[in-house]
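Handing you this structure, nothing more for now.
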Amino acid sequence: YYINYKLMKKKVKRYTEQIEVGTQNHHFVLKDFSRLLDYQIEKIVLFLLEKQGLLATRLSNLGEQHHALIQQSDGSRISELQEAYRAVGPELLRLLFFVEMNAIGIRKILKKFDKRFGCKFTDYYVKTRANHPYSQLRQVFKHVGFGAVVGAISHNLADLQDLQNNQGNYISIYDQPAFSHPDPVIDSIKSAVDRLSNSTNFLHFLGRHAFIMEEELPTPSEDECFEQRYHFMSLLLNLANTFLYMVNTYIIVPTADDYSLSLGAAATVCGVVIGSMAVAQVFSSVYFSAWSNRSYLRPLVFSSIVLLVGNTLYALAYDLNSISVLLIGRLFCGLGSARAINRRYISDCVPLKLRMQASAAFVSASALGMACGPALACLLQTKFKIYKLTFNEETLPGWLMALAWLVYLLWLWISFREPHFETKENLVPNEANAGQLANVTVENGYTQPLLMKIEAKQQDEDEDQERDDAEEDSQEIHKPVTSIVVACRLLTPSVKVQLFVYFMLKYAMEIVLAESSVITGYYFIWPISKVAIFLACLGLTVLPVNVIVGKYMTNIFEERQVLLASEIMVCIGILLSFHMFNPYSVPQYVGSALITFVSAEVLEGVNLSLLSRCMSSRLSRGTYNGGLLSTEAGTLARVVADGTITLSGYLGESKLLNSTLLPALLICVSSIIATCCNYNSLY
């Protein structure tokens, strides 16, 4: 009852030959392949419903025994009934693996068809089948009915445990969702369901926001490897690194313009001061990502030392009266950016069951650092000298971060545990199993083949072709990308659009943040403390906004609908920010900045969530992974935005606002057009 993947690959090959010789046209091929795939999915779904029905009948019979046991107050059969309920668990687990393997088979054959014929058949097929009221495809990808079976097993086991303990008070898992009976079978089922489900709750939404990609199907040996490599304190150190780096990025924003003036430069040079860190990060992301193939401790130590040096140079620039030292210090800070390491550690060393929580913690640490940076700048409003060193509102951010990185370096050296690195060999099927994709091993030792067995007699050509195809499939999943050129070739048009959207939102956010001190100083004569409070308030909106989007909006609307609506809101926020009428008021600036920033936050979460599903599985590992590509797109956007601020400064502070908003508006409109053109392919 599995999808006949071997037959469908042969069909694709035959279609290619028929079109080449001109015996068939594309219209017939699309129609015939659709019919074949419909039949395969129907076969899967009907078998699935049949098995679910058998499980339901079995649970119904057990329910009658359970009810009779309660009426008779017979405690001697409680253990027997508990074991009977637990025995349903492995059967359900096997059924979950059955669904998962078929879902992977469907995705792979659709990808293979698109690759051979150079068309977007997947977009058409998913759109027409998944949205139909009688959709069978939805049964496979949404796993309909499993929740009811899991619920029946869970609440009956909890009830029986209550009876066994003679507590006499009935506690329902439906009245108290937090109450559950700890049981290995239930834990295994929940883990499998969580892995299969495409949930949009807050935790999963934050996890996708971190854009830490996962491979399609980790094997039991890989799960065991993750358990061995996982170390809680090392994960905590990575999250601390993320937090400190975000604080380091934004702590200087409120005072960057005043620092530039103190060193004899124009206030708008703050764009270069802030952006120089992003320029260096473009390069540091690549070498840190490559370094993480061999070690995590050494690059983190190197990062901490470079950031310590960079912040010290930033603070010393005031007494040296050198804008060059200031910029070199910020460049060093960018060269110490280890966010690629932090993402990679979570992806490679955290077990699957904890990975989403770790990813959510990564996003939360970033958001908290973004808010704490300006808030700390607000508290550093003092001035004193020690020997020849000046400590004031401009230099204290550098000295404070230098001290923080020194403490972190000591903590890192003492507590971090380097995970074991081993070479992962690609699995190449041999002649005995060349016709199969994989075998799914379940805890009780049973295995289920994905494909039908190969017929006893085949021609040598077919065997060779099957072996080549199987090897190609294995390499497609396991082989990491080895160059940026190969990574770019793996990007589909919809992924390229999403990366452009990510570029746009980062550009808009950087414009709002980086020029805030100059704009508020020119129009409203705000002191540093007010600017810092304003930026801290913007940073504090990150987590509440993600709660609303992750828990509510994405459960009501499709993610692509939220994506397009957020882009439009960013555009509206930019339009409202223009200085078109005098006087330019505080409510107009604060309101428009809030709309732009919050809309960009919503857009970032949905955008990265879509990217994590659309990108090739080959981009989940290796140096040139999906996280690196998104980081580079965002960093490049910040560089361009900060450069725009500096160049616009030559026109004068009176024209700075409009001259920086105009390119932001053009980029935003372009991204909306690109999204509309690729709307149907965004799933």
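Glycine residues also receive a Cβ, built from the backbone N, Cα and C atoms like all the rest.
When I checked TrEMBL for this same protein, it listed these features:
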DOMAIN    1-127  domain 'SPX'
TRANSMEM  235-253  transmembrane segment
TRANSMEM  265-288  transmembrane segment
TRANSMEM  300-317  transmembrane segment
TRANSMEM  323-341  transmembrane segment
TRANSMEM  362-384  transmembrane segment
TRANSMEM  396-414  transmembrane segment
TRANSMEM  499-525  transmembrane segment
TRANSMEM  531-550  transmembrane segment
TRANSMEM  562-581  transmembrane segment
TRANSMEM  661-682  transmembrane segment
Should anything in the same chain at least six residues away from the transmembrane segment (300-317) have a Cβ under 8 Å from its Cβ atoms, list it; otherwise answer none.
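Same-chain contacts beyond the ends: 237-238, 241, 245, 248, 252, 259, 263, 288, 323, 325-326, 328-338, 341, 389, 395-399, 401-402, 405-406, 408-409, 412-413, 416.
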Honestly, do the transmembrane segment (265-288) and the transmembrane segment (531-550) touch, with at least three Cβ pairs under 8 Å and pairs 6 or more apart in sequence?
no
Counting CB pairs under 8 Å, which listed stretch among 235-253, 362-384, 396-414, 499-525 touches the transmembrane segment (562-581) the most?
499-525
In the same chain, which residue numbers or ranges, 6 or more beyond the ends of the transmembrane segment (362-384), come under 8 angstroms Cβ to Cβ?
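Same-chain contacts beyond the ends: 206-207, 209-210, 212, 238-240, 242-255, 342-343, 346, 390-393, 396-397, 400, 528-529, 531-536, 539-540, 542-543, 546.
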Cβ under 8 Å to the transmembrane segment (499-525), counting only same-chain residues 6 or more beyond its ends: which ones?
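Cβ under 8 Å, 6 or more out: 250, 253-258, 267-268, 270-271, 274-275, 491, 531, 534-535, 538, 563, 567, 570, 573-574, 579, 584, 586, 589, 593, 596-597, 600, 603-604, 607-608, 611, 629-630, 633-634, 636-638, 640-642, 644-645, 649, 653-654, 656-657, 660-661, 664, 667-668, 670-671, 674-675.
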How do the residues of the domain 'SPX' (1-127) split into helix, strand and coil according to DSSP?
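Counting residues by DSSP class gives 114 helix, 0 strand, 13 coil.
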